[in-house]
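The structure under discussion appears below in the form of structure tokens.
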Amino acid sequence: MITVLATIFVFGLMVLIHEAGHFFVAKKSGIKVLEFAFGIGPKLFGVQRGETVYSIRILPLGGFVRFLSEEELKEESEEQKQFLWPRTFESKKYWQKASVIAAGPIMNFVLGAVLFIIVYAWYGVPAVATENIVGTVMEGQPAAAAGLGVGDKILAIDGVETPDWSSLVNIIHANPDKKLEIKIQKADSPVIVTSVITPVLDQQSGQGLIGIVPQVINQKVSVLKATQYGLTQTADFTKMIVMYLVQMVTGKVPVDLGGPVAVAQVIGEGARQGIADLLSLTGILSIQFGILNLLPIPALDGGQLAVLSYEKIRRRSISVEKKGLIQLTGFALLMALMIAVTYKDIVKIIAR
């Protein structure tokens, strides 16, 4: 149930903000918005406010904004056509139409940045603790075999006191494949135990490792600092996602797309970890959603921008029929891809 509710929240928020971007820029540009819909499929209910119908559809995993278009005017009288034409999407200048289309993905980047800023301002910025306390124990590594647990404090190694993390790491790194006696104070307990551990040799660095990671703590920061960290995080994730897509297209990394089922599982896990993790994950997914929508694929915003730019360069409009065919083809390809990755997700779950 947590997974379902969290998935509806995440997808709903991303789509709502995305469509709101199209909506507000269209309104600002003087375009008549006939409908603002949250969700897809049959309409559950709608309400007319001014010249726009605000509706909720049966599936809360999508949405759309319907503008007054040239096609809508076909049944109108010549007088009405002349009166309404300035309010259509097609009547606007190139930069206005491009702004309306791009506003959706841009708002997804804004949402990502805002969520990161909220998390950093409220919960603080993650920082590695300097104390000699174990934050993570990796399975199958010497530390796990020696009985080390999360929260344990390593007091000494081979009789040498380790008051901080750097001191214990220096000893471990310098003694690969050597048995070391470690003195441990168990987590939340005055009990002190002694164990023997043998660091394994890391072939790349030539250092000893036992498979532990220090604690990560959240340091409180000012709103200004949180904003700086949030914007940096947004830029970093944008770059990382774009680079990964480029590597997939060029064949440098295998194509491994997760469908709605896989994404829902990740969202559910994030929700169980806490509100900070869920908000951070929503920020990442929103950035990814924005980038994917900018890809020059028919039926996506990027595809519409590509068609718009083509018309601008050629100084000739593509017919409504051809545009409809392009959109339909793109939509069919996206649906086929969605079905394929969803099937793959389900097969993976069954195979477990």
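Each residue, glycine too, has its Cβ placed from N, Cα and C.
TrEMBL does not curate its annotations; it predicts them automatically.
Taken from TrEMBL, the feature transmembrane segment applies to 6-25 (among others).
Annotation comment: TrEMBL describes 100-123 (among others) as transmembrane segment.
If you look up TrEMBL, you'll see 123-173 marked as domain 'PDZ'. Averaged over the domain 'PDZ' (123-173), the predicted model has a pLDDT of 90.
Annotated transmembrane segment per TrEMBL: 324-343 (among others), in sequence order.
Within the chain carrying the transmembrane segment (100-123), a Cβ under 8 angstroms from the stretch's Cβ atoms is held by residues 13-14, 17-22, 24-26, 29, 31, 67, 89, 92, 218, 221, 223, 225-227, 229-231, 233-234, 237-238, 276, 279-280, 282-284, 286-287, 289-291, 293-294, 301-302, 304-305, 308, all 6 or more beyond its ends.
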